[in-house]
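A.B. asks: Pasting in a structure now, in structure tokens, and then I'll have a few things to ask.
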């Protein structure tokens, strides 16, 4: 298997996508943040002192998707045509599940943007709640769907 981000001399490079066709592309990523039940209850009730945790995390995730190429060296700057971050509060398992759907029409996919959006949304939740719960765990961040481009559809069984 050849790594596309490595040149003939073994050095890092940004892949040239100029000859690729523009296609409609979408990526879906998910992740979770586990916390104490009291923390989850307070997020749900809106009693975290720093403000509306999920609203801030949603905006942070969208901003992160838009700025992925500034954080991941070999990512291309992409015009994102849509980004949605959603949250599901799971009281039974004391966690918040996070989902990011990112869309574009372009020459390269938005997988890294979706993964970055989920990660930064989770980090934002952690940041806003760390004063009351330093035991939070961010985990299970993964790409679950990718469509468009030459490689077509990818779906992970979850």
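Placement of Cβ uses the backbone N, Cα and C atoms for every residue, glycine included.
Okay, these came from Swiss-Prot:
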type     : residues             : note
ACT_SITE : 127                  : active site
BINDING  : 74, 75, 76, 112, 113 : substrate binding site
A.B. asks: Rank the recorded positions 113, 127 by the number of other Cβ atoms within 10 Å of each Cβ and report the first-ranked residue.
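C.D. replies: Of 113, 127, the one with the most crowded Cβ is 113.
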A.B. asks: Here the binding-site residues are 75, 112; which one has the lowest number of other Cβ atoms no more than 10 Å from its Cβ?
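C.D. replies: Comparing Cβ neighbours within 10 Å for the binding-site residues 75, 112, 75 has the fewest.
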A.B. asks: What three-state secondary structure does DSSP assign to residue 75 (substrate binding site)?
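C.D. replies: The three-state answer is coil.
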A.B. asks: For residue 74 (substrate binding site), just count the other CB atoms lying within 10 A of its CB, please.
C.D. replies: 13
A.B. asks: Between residue 127 (active site) and residue 113 (substrate binding site), what C-alpha distance do you get in Å?
C.D. replies: 21
A.B. asks: For residue 76 (substrate binding site), which residues in the same chain are close in space, meaning a Cβ under 8 Å from its Cβ, but six or more apart along the sequence?
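C.D. replies: Once residues fewer than 6 apart are set aside, residue 76 (substrate binding site) is near 14, 15, 17, 69, 107, 108.
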A.B. asks: So around the substrate site, 74, 75, 76, 112, 113 aside, which residues have their CB within 8 A of the centroid of those CB atoms?
C.D. replies: 68, 69, 72, 78, 108
